């Protein structure tokens, strides 16, 4: 019996690991344009602020597609669905690597965004299903760790590959790694019938839960602020702080490394007081943005700000996702789809706001605007915390 239990634990952990790897590759490809923005703009003879709208387009496809695509795929067995998504993901990266103009690159990114829409709608609930008993919260933490490693390894390595070869090679390598992950998924995942996915009828039921709706609005607000600044952090560090490309790469690495600390803090502290944890994480996201320009030429201060910012955004993202799942246990996939859509409305809006700020005010002001949006989100958190104190 002991052998059976150990075998179960081993395979369950391996399955969680596969989902963590999947989160790694999906987050790497979503945000790697941030690390390659200047190179892509240069190759197509465009401005960074204009190319940055590619991030907006990607995010808005995800935000618009998450719920309807999840509902359309609600009855499909999950392993088969995941393998289909990875096939499209890989083909889209091949097109990215071959893109002969910006519009072809944009089209390929839309294909990737399509897979993203469904992947993040179903993954949180699936990783909890395959996790070992009594390890559900830790499994969600490992999923977040995969996302954090995308920032630690994915973005810096993507930038290094882009500098050594070119940005097209970065997308080619991502497609190759995704192929290996798909093979692991095919080998390790069990048959996963759709369960508690929810239906279209679940949507109006969830809409009647005011705290849940308040959390979705909070996600849009705080993530809009974050991406107003983060979408253009690479050109900010190079052009405003005037640090070298190597220092820029190292700062992106530090941002991702901080995500590991954020995942650890979530697993240890969230359950003790979820409301205070979310508020503290938001402060860590907001303050570094507001002070970014103030300390623009102090290298060690920028490193510290980026580290704290990375801790904040990672722990905040996991905490908000966990809160959504707690508030909608009867329709986890629908709730996750709306969460993913809300998050990507924030990403797209933030990248758009950042582009507008750059064109109208200048690159140096992105932190002030992003931080101000974050402060509005903090006030909103305070409001819903008081109004729904017993929920």
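Heads up, residue numbers simply count up from 1 along the chain you see.
Including glycine, each Cβ sits where the backbone N, Cα and C put it.
Database features, via Swiss-Prot:
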type	residues	note
TRANSMEM	16-36	transmembrane segment
TRANSMEM	51-71	transmembrane segment
TRANSMEM	82-102	transmembrane segment
TRANSMEM	110-130	transmembrane segment
TRANSMEM	138-158	transmembrane segment
TRANSMEM	170-190	transmembrane segment
TRANSMEM	210-230	transmembrane segment
TRANSMEM	247-267	transmembrane segment
TRANSMEM	277-297	transmembrane segment
TRANSMEM	300-320	transmembrane segment
TRANSMEM	338-358	transmembrane segment
TRANSMEM	361-381	transmembrane segment
Contact set, same chain, for the transmembrane segment (110-130): CB under 8 Å, 6 or more residues outside the stretch
12, 15-16, 19-20, 22-23, 26, 29-30, 57-59, 61-62, 65-67, 69-70, 73, 78, 81-82, 85-86, 88-89, 91-93, 95-96, 136, 139-140, 142-143, 189-190, 192, 195-197, 321, 325, 332-333, 336-337, 340
Among 82-102, 138-158, 247-267, 300-320, the most Cβ pairs under 8 Å with the transmembrane segment (170-190) come from 82-102
Counting Cβ pairs closer than 8 Å to the transmembrane segment (138-158), the top stretch among 16-36, 51-71, 210-230, 247-267, 300-320 is 16-36
Report, as numbers and ranges, every residue of the chain located at least six residues beyond the transmembrane segment (82-102) whose Cβ falls under 8 Å of a Cβ in that stretch; write 'none' if there are none.
22, 26, 29, 40, 44, 46, 51, 54, 108-109, 111-112, 114-115, 118-119, 122, 168-169, 171-172, 174-175, 178-179, 181-182, 185-186, 189
For the transmembrane segment (338-358), give me same-chain residues lying six or more residues beyond its boundaries with a C-beta closer than 8 angstroms to one of its C-beta atoms, as numbers and ranges.
49-50, 52-53, 55-60, 62-67, 117, 120-121, 206, 216-217, 219-232, 317, 320-321, 324, 365-366, 369-370, 373
